[in-house]
Amino acid sequence: MQLMQKNRCFEGEQRIYQLESQHLKGFTKVGVYLPPAALEGKPCSALFYLAGLTCTEDTFAIKAHAQRMAARLSLILIMPDTSPRGENVAKGDHWDIGQGASFYINATQQPWAEHYQMESYLVDELYAHVLQEFPIIETQIGIFGHSMGGHGALTLAFKYPEQFKSVSAFAPICAPSICPWGEKAFSQYLGADQQQWLAHDATALVQQKGQIFDEILIDQGMDDQFYDQLNPEKFKQACLEVGQHLTLRLHKGFDHGYYFIQSFIDDHLQFHAIQLEKVAG
């Protein structure tokens, strides 16, 4: 990992790294916030944050205002880009497909399959890199995200609970196999077989996997302009059916954007700190 930029932030450092990814077949960037404890070399818990459609490794760092609480709680924040990038990487015909819109899955269809291997990049490659590079307690790593990234956080948490010990989301796409965003992305990335889609659908995964986490936290704005795409009630029902405890908080007046995330980011960081402390025993 090559350090490209660093800025002092609440006695910690906000950094951007570049690395060459074997899975993405090219260079990619990742944002990292190191709290003061990490800069001193003390072991810290860590959170992966997956951003939404059109975002980059910078978006959360600039807009979410997470660093103050992360510094206080000694949480390292890992913020990957939302897709592979580059002139040789396939682009979509709209903002909801292609670069900036990977849905954090491994594509099987052309022209996407060569570079769009985001699931493997995150859980195999980036995960190993950050463990090697930073003083992270391996048994205390969580994951969260927003919108498309909330979908990614939920699905990866249920598929890889040995790696991600806590999970939360802001306005996640909870059932992508039955919403226009997901149908468009999955049909192009994965093909026409809808059974293949279910391996990347949080509602289907919780029905399949059952109860894994002590608690899941989801915040959802009631004035979200994309509410019809998100289906939080379907995810809630699936959790109820299998005994997976979920706190789904619905907030009047809040939309889909980062002002909403700013309003509740401290709650999510504190939630993860508590859940990861439980894992530590």
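Just so you know, glycine gets a Cβ as well, placed from its N, Cα and C.
Positions annotated as active site, charge relay system by TrEMBL: Ser147, Asp224, His256.
Positions of the features from TrEMBL, shown on the structure.
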{"residue": "Ser147", "record": "active site, charge relay system", "CB count, 10 Å": "26"}
{"residue": "Asp224", "record": "active site, charge relay system", "CB count, 10 Å": "21"}
{"residue": "His256", "record": "active site, charge relay system", "CB count, 10 Å": "21"}
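When the alpha carbons of Asp224 (active site, charge relay system) and Ser147 (active site, charge relay system) are compared, the span between them is 11 angstrom.
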